[in-house]
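Written below as structure tokens is the structure these notes are about.
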Amino acid sequence: MATRCLRYGSLAFLVAQDTALVLLMRYSRSHATGEMYLASTAVCCMEVLKLCVCVGMLYAGEARGSISGLVNVFRREFLEKPSEVLRLAVPSFLYLLQNNLLYFALSNLRATPYKVTYNLKILTSALFSVTMLGQKLSKRKWLSLIALFVGVTVVQSDNHKSDSDAPHPETGLGYQTLGFLAVVAAAFTSGFCGVYQQKILQAGKTNMWVRNAQMGLTSVCLGVVSTIVKDRQAIQERGFFQGYTRLVWTVIIIQAVGGLNVAFILKYADNILKGFAAAFSTVASCVLEMAIMHFRPTATFLLGGALINVAAYCYNTPGRKDGNKLPR
Ligand code: C5P
């Protein structure tokens, strides 16, 4: 009974967190009344927040509430394991890129087309699981992945038809097309990082908070560098926290909590739950965006979205030949 409650409770939490994040992030990027905040600084703050939580958990757990214990953990897990920290710099860098891409995407796409397209990460995760982990997929899963791809293509072609897409001055591509490409790129980094971590986690027994603190430290350093490279001038002129409102801080906190939740799921690996949560939260985002933000999907869009959700459902439901070891 307790396991059941935990399972459904965590499913509800995942759905609520994912839905709230995408709607609030979109709102913060499209309805700013004053100055627009810099996405690079928001990602940086989110990484700092996650690192603080990880260090706090290490202080309370491994270090047993002592500063010298924490210093020892730092020495043991960071200074004496440079190769491990370096290996984790790969997902740290890619997640940083992914989080920036997601801000860019939600600056140019509505929440629902974004969510629907981001389901592509099921496909990319499967492809990386096959190539990097040598996993075999059943016919049912391959068919689900093809249906998923078709669904995304339908949604995307509808997106092109239904909205005016102003061209970006440098690339000549429409802003929505660029937003779409950013989500596709993010789906690739998400798929790769998930599988990469699965590979690392399967190989070792490092504490989840240590692992995330190792990643977090690199992410914060890379985040600061990327902020300087991308937005130095704007920061010098108007400050690091320009445009920050309570809404922006809420987005940052929800994203940090969501990130740690993903880390938890990757460690305790209930991929089925994660896949269902993504599909549920796509539907929830669509309904809420229609109700609150005047989103009016076309019939083609709904058809493509439904196909994607059915594909995600079929992919994540174990068939007779799949057993329990599902790729992420
Ligand atoms: O599932 P998806 O790839 O979309 O989610 C990735 C998110 O989870 C990113 O924001 C990433 O920063 C975060 N994450 C994390 N720690 C991990 C794995 C993912 O903070 N160990």
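Every residue, even glycine, has its Cβ placed from backbone N, Cα and C.
What TrEMBL lists as transmembrane segment is 142-157 (among others).
Nonlocal intrachain contacts for the transmembrane segment (177-196), taken as residues 6+ away from its ends with a CB within less than 8 angstroms of a stretch CB, comprise 90-91, 94-95, 97-98, 101-102, 104-109, 113-114, 117-118, 120-121, 123-129, 132-133, 156, 159-160, 165, 168, 171, 266, 327-328. Summarising the annotation, TrEMBL assigns transmembrane segment to 177-196 (among others).
The transmembrane segment annotation in TrEMBL covers 208-229 (among others). Sequence-remote contacts of a segment are chain residues at least 6 beyond its ends whose Cβ falls under 8 Å from one of its Cβ atoms, and for the transmembrane segment (208-229) they are 38, 40-41, 43-44, 47-48, 50-51, 54-55, 57-58, 61-62, 73, 77-78, 81, 84-85, 88-89, 91-93, 95-96, 100, 201, 235, 240, 260, 263-264, 267.
Using a Cβ-Cβ cut-off under 8 Å and counting only residues 6 or more beyond its ends in the same chain, the transmembrane segment (249-269) has close neighbours at 13-14, 17-18, 20-21, 24-25, 28, 42, 45-46, 49-50, 53-54, 95, 99, 194, 197-198, 201, 208, 211-212, 328. Under the heading transmembrane segment, TrEMBL lists 249-269 (among others).
According to TrEMBL, the feature transmembrane segment maps to 276-295 (among others). Sequence-remote contacts of a segment are chain residues at least 6 beyond its ends whose Cβ falls under 8 Å from one of its Cβ atoms, and for the transmembrane segment (276-295) they are 11, 14-15, 18-19, 22-23, 26-27, 110-112, 115-116, 118-119, 121-122, 305, 308-309, 312-313, 316.
The annotation transmembrane segment is assigned in TrEMBL to 301-318 (among others).
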Exercise. Which sequence positions outside the transmembrane segment (142-157), separated from its termini by at least 6 residues, show Cβ-Cβ distances below 8 Å to it?
Worked result: 113, 116-117, 119-120, 122-123, 126, 180, 300-301, 303-308, 310-312, 314-315
